[in-house]
Amino acid sequence: MLIAVCEDQKNDRQLLLEYLNTELERLRICAEILSYESGEALLAAAQKLSFQIYFLDIFMVKTNGVDTARALRARGTEAAIVFVTSSRDYFAEGFEVGAVHYLVKPYKKTDVRTALERCIKQVGKAECYIEIMVNREKRKILLSELIWAESNDKVCWLHLKTEDVRSYIHLDELQQLLSDPRFLRCHRSFLINMDLVNRVDKNFFYTIDDAEIPMRQAERARMRENYESYLFEKMRRRD
């Protein structure tokens, strides 16, 4: 996820960046934030980059936040827009460009949290992650990259789209960290990402990397039901 902050006041810009980084860390969302001091600089950058969220200060020299938002919408962007302002007099303009939220100065960290959560709900493309120890270093693992995991004694292997990584974490602990409906503990030693399953039969799940993942023998019917229910709910949300 790519987030743009456009604020011409240095102290205000730094405070907003600090709050955003804190909240992204709390939500375990992988995102990059780029900051700009003017609407002109932001609009130039937006010609090359695809931002999902914009935080725009309304009162800026030359191109103000409202005109910047209008220019972005004129280009066809459907990104979430949050106006940052010291006045409540621009709510009509916010409605015009479909602003998700207003941050009225002076705002608190909880206000930024509310704005960010509304943006994420609208764009629906947040990349969540977990942090685990790999080779004695803390590493971020995107949930969308994890295909399946297996435990072998005290070692857990995480099979990602691009590589396999080893961590000294128990599978129970990994499951708790993930805490996401797309992941199914289908066996005492295996966990799968149901978004990345190609097919299923009576005994196995077959993942996109051609792995054959067994089901618990005594719960095979329930495992298949869980998978089918997940797919049904996923399709229903799309409708």
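Placed from the backbone N, Cα and C atoms, the Cβ positions cover glycine too.
As written in TrEMBL, here are the features:
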type: DOMAIN; residues: 2-120; note: domain 'Response regulatory'
type: DOMAIN; residues: 140-202; note: domain 'HTH LytTR-type'
type: MOD_RES; residues: Asp57; note: 4-aspartylphosphate
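Residue counts for the domain 'HTH LytTR-type' (140-202) by DSSP state, with H, G and I taken as helix and E and B as strand, are 14 helix, 33 strand, 16 coil. Under the three-state DSSP scheme, Asp57 (4-aspartylphosphate) falls in the strand class.
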